[in-house]
Amino acid sequence: MAQDGNSGTDIAAADSSSTGHGTEHAVGTAVVARDAVQNPGFPPHRARVTDLDPKKEKNAERTVYTLFYLSIVGSVLAIAAYMAFPIIPEDIGSVRMNNLMIGLGLALALLAIGIGAVHWGKALMHDQEGIDMRHPVRGSEDTRARAVEIFDEANRESGFGRRSLIRNSLIGALIAFPLPAIVLFRGLAPENENPVDLLKHTMWEAGDKLARDPSGLPIKASDVTIGSVFHVIPEKLASVGHSEGYLEEKAKAIVLLMRLKPEDLVEDEDKKDWSYDGIVAYSKVCTHVGCPVALYEQQTHHLLCPCHQSQFDVTNHCAVIFGPAARPLPQLPIAIDDEGYLIAQSDFREPVGPSFWERH
Ligand code: FES
């Protein structure tokens, strides 16, 4: 016999008699306390009111089916709301009303099912506590041998292993089956335009003025003080208005503009003229999975993507210094025009957004 140094409890190596399961333990690896707390068992069973009073039971039953009927009403309301409050293009109020009414209907439907099911379980279903003993996860040798036997039998009867032509053609068919979906997805892309090209290019063109988002006011270099940051769109995008395609174009062309001390910038030789007097412009679309990178840390000149914490070094062409993004944020080459407004020299020289576009 030994003594547990921490508790002073008497302990001894477990044997088959102490566990009661006939399990063999290596001496010294399993111990049981001699005065271990006995299993107190279940507390005395307390009958529910619905078990004692038939009237209460009836009430509970009524509540449950009322909730389920309420759920049906919620579902019907959601369908009716979809028809009664249609989305009218360019009417944001109609979108809100449509979402609100459908949401309320669905919320009622789901909530009523949930509450009804819980109430049913707690108040009416059989109230009996039972013990389900744990058992070893591994099957017995007999069970395992039988499983192998069944597997072999199925293999023999189906000829899966023997008829290699059938087996291989089936594997081929299963691989080919999802391919139509890929082709059908292609149909979702705009007609007569290459979707890859659409995603590779943004609406920035040489001479486009950089403008504030969302007002569309052009920005002069003198407006951008050291340490400031601007959210920028092409000026011509603001004039397009909220028509079809506005959001798609904005999602690709959105830019962050910052001004640093020119001596803080470490620029590659071939990109030295992409900035103007310490003002640099970078795509705001994270190269990981496309979240907006909008957190600028002025002191360290780091940009942080809030989605998965990728960090980019603005002093060094937005190189990735932390996180899952695989490439720097693309830089928009900028200059100024005769009036001192900031303009783009061209589109981005590489695709914006998630890195997988680099494969094309
Ligand atoms: S989307 Fe920016 S880190 Fe994931």
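Quick reminder: no glycine exception, Cβ is built from N, Cα and C everywhere.
According to TrEMBL, the protein carries these features:
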type	residues	note
COMPBIAS	1-21	compositional bias 'Polar residues'
DOMAIN	252-343	domain 'Rieske'
REGION	1-25	region 'Disordered'
TRANSMEM	64-88	transmembrane segment
TRANSMEM	100-120	transmembrane segment
TRANSMEM	170-189	transmembrane segment
Q: Helix, strand, coil: count each for the residues of the domain 'Rieske' (252-343), based on DSSP.
A: 14 helix, 33 strand, 45 coil
Q) Excluding the flanking five residues on each side, which residues at least 6 beyond the ends of the transmembrane segment (100-120) place their CB within less than 8 Å of a CB in that stretch? A) 60, 63-65, 67-68, 70-82, 84-85
